[in-house]
Amino acid sequence: MITDGQILDYLSAIEPDRSNILETIENEAIKLDIPIIKKDVQGLLRFILGIHKPKKILEIGTAVGFSSVLMSEYASKETSIITIERSPYMINLAKQNIEKANKTNQIQIIEKDAQDALKGLKEQFDFIFLDAAKGQYITFLPYCVKLLKTGGVLISDNVLQDGNVAKSRYSVARRYRTIHTRMREYLWEINHHQLLETTILPIGDGITMSYKKEK
Ligand SMILES: C[S@@+](CC[C@H](N)C(=O)[O-])C[C@H]1O[C@@H](n2cnc3c(N)ncnc32)[C@H](O)[C@@H]1O
């Protein structure tokens, strides 16, 4: 967490109510220690979906389906969501949650590793939410750019790694150095990509927000 805890608690206390099903899925995920998007990122998604009104959403990293269900609630009823997950354990929980939320008509899970799934997708999306293994973001980026419509929005989560990404490689524990290097490459690439206009925001564990420009 890179935002001050007291500020987050205050902001969380004045937030509008969410649906019971979102509360339930979030509480279960917390109990099972499964990472899902933080409250401030939830607020940002609500806002962006409200103004951008995507018809087709792609999510990479379903986990228990919390963010998929949230996006389905804040996008229009006609919006379809494809979400990619490789863990059978997560897929099972996500399916149960999507059913409980009554969203099986809107949310489809692709049960594959994202690299294979992304290669197989032919349609383009108005909105892509990247929330999977951080070390793979740099590999997924070209697919995301290709699959994003011009004017479409790409958000990626957990990019600042508790602030570690801003520290020197040598001050980070040895086991985190590869991911540190890869995330720095990703942030450089997404910031300098010719087809993307990007801003990086220090909310949640850090997000990037980009839109795809005309060629
Ligand atoms: C942070 S969680 C996603 C949380 C979810 N978006 C939410 O906020 O409710 C990341 C998920 O991505 C999945 N994942 C990581 N790398 C993946 C890959 N290469 N292909 C498919 N799924 C992947 C993990 O199994 C995990 O469930």
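Using the three backbone atoms N, Cα and C, a Cβ is placed for every residue, glycine included.
When ASP126, ASP131 are compared with the Mg(2+) site residues ASP157, ASN158 in TrEMBL, the one appearing in that site is ASP131. The S-adenosyl-L-methionine site recorded in TrEMBL comprises ILE37, SER67, ASP113, ALA114, ASP131 together with one of GLU15, GLU85, GLU185, namely GLU85. Taking the Cα atom of each, ASP131 (S-adenosyl-L-methionine binding site) and ASN158 (Mg(2+) binding site) are about 7 angstrom apart. In this structure, the binding-site residues that sit close to ligand 1, with a C-beta under 6 angstroms from any of its atoms, are SER67, ALA114, chosen from SER67, ALA114, ASP157, ASN158. Most other Cβ atoms within 10 A: among the binding-site residues ILE37, ALA114, that distinction falls to ILE37. The Cα atom of ASP157 (Mg(2+) binding site) lies nearest to that of ILE37, taking the binding-site residues ILE37, SER67, GLU85, ASP113, ALA114 as the candidates. Between the two most distant C-alpha atoms of the annotated S-adenosyl-L-methionine binders (ILE37, SER67, GLU85, ASP113, ALA114, ASP131) there are 20 Å. In the structure as shown, the Cβ atom of ASP113 (S-adenosyl-L-methionine binding site) sits within 10 Å of 15 other Cβ atoms.
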